[in-house]
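Asks: Can you keep this structure in mind? I'll have questions shortly.
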Amino acid sequence: MNFIDEVKIYIKGGNGGNGCVSFHREKFIDRGGPDGGDGGHGGSVIFRSNHHLNTLVNYRYKQHFTAENGKNGQGSNRSGKSGKPLVLDVPIGTQIFSEDGNILLYDFIEDDQSFEIIKGGSGGLGNSHFKTSVNQAPRKRTEGEVAKEMWIHLSLKLLSDVGFVGLPNAGKSTFLSVVTAAKPKIADYPFTTLVPNLGVVYVDDEEFVIADIPGLIEGAHQGHGLGDKFLKHIERCRVLIHLIDGSSNDVVADYNTVRFELESYSDYLKNKIEIICLNKCDVLTDEEIQDKINKLRKVTNKEVFPISTYTNIGVNKIVKLALEVIKNQE
């Protein structure tokens, strides 16, 4: 299934049904009173979050959605049937924006949230409403209200507690596969991850959600590579795990490249708590590990954790540290 996180769609509420002009007809009664029923209300357009969905692919090919119109009123004071509401399911993390993308209309952050974006048109009034002492046989009725219509922009930002960042092939997908049941595509070449992957990490009786996005390259915040498109998916996370390829010849340059892209993209990412991990330490000597850690500490002023996602060394420690950070922010 394609991962779709941006769509533009047209929505329209159902129009109200028209009121009816009718007069009571009964044997031996020549001039029955007005008995025109009201029109039914049009259906509303409602968005609802659904935890079973993780992409906006349902809106890629069908882009026009209209709720059902209300039925017209009938004689004998029979009101028209109201139109059915149109319920559109979206993944948790979906944001609804105005057509130009400048105004946030709603943000779905929990399962089964509902948002009535367009109310159906009101039904028109039948002629029975217009009977007066001086007008016993009114032929007046009103038409149903025409419902609103609009184009809107849907944007999906995945919800996770932890986000992985790093250059391509730093080992993020391997880390995800080791600590969760997620099965991302993994190989020893850059850009194995082409779409975001989510996994749930279980620690004793607790759990948190972790997100792996395509690796960043220099210029990602300007649209280079794959990372820029998916950086928004880690904006909501509480902590970043920054993986650095320990086999790289210049781990400091690798770290700085990713940090620059994060800081250039948004202040949200710039100010995230960061856990720095030197990965692939299984292919390094103890002296090489310490040398690279010292270099990273010098530029980051932070603790750097040596790990190997291949041999699982140090991984559990990082998982528990991430959980501790998450709990401290609750």
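Just so it is clear, glycine is given a Cβ too, placed from its N, Cα and C backbone atoms.
Taken from Swiss-Prot, the feature GTP binding site applies to 166-173, 191-195, 212-215, 279-282, 308-310, supported by sequence analysis. The Mg(2+) binding site annotation in Swiss-Prot covers Ser173, Thr193. Among the features that Swiss-Prot reports, domain 'Obg' is placed at 1-159, with the record citing sequence analysis. For 160-327, the entry in Swiss-Prot reads domain 'OBG-type G'.
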Asks: Quick check: in three-state DSSP terms, what is Lys280 (GTP binding site)?
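Replies: The residue in question, Lys280 (GTP binding site), is coil (DSSP, three-state).
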Asks: Measuring Cα to Cα, how far is Ser173 (Mg(2+) binding site) from Lys280 (GTP binding site) in Å?
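Replies: Spelling it out, the Cα of Ser173 (Mg(2+) binding site) and the Cα of Lys280 (GTP binding site) are 13 Å apart.
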Asks: Averaged over the domain 'OBG-type G' (160-327), what pLDDT does the prediction give?
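Replies: Within the domain 'OBG-type G' (160-327), the model's average pLDDT equals 81.
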Asks: Pick the one among the binding-site residues Lys172, Lys280 whose Cβ has the fewest other Cβ atoms within 10 Å in this structure.
Replies: Lys280
Asks: Tell me the Cβ neighbour count for Ser173 (Mg(2+) binding site), meaning other Cβ atoms within 10 Å of its Cβ, over all protein chains shown.
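Replies: Counting Cβ neighbours of Ser173 (Mg(2+) binding site) within 10 Å gives 24.
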Asks: State the three-class DSSP label for Asn169 (GTP binding site), counting H, G and I as helix, E and B as strand, and everything else as coil.
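Replies: Note: Asn169 (GTP binding site) is coil by DSSP, not helix or strand.
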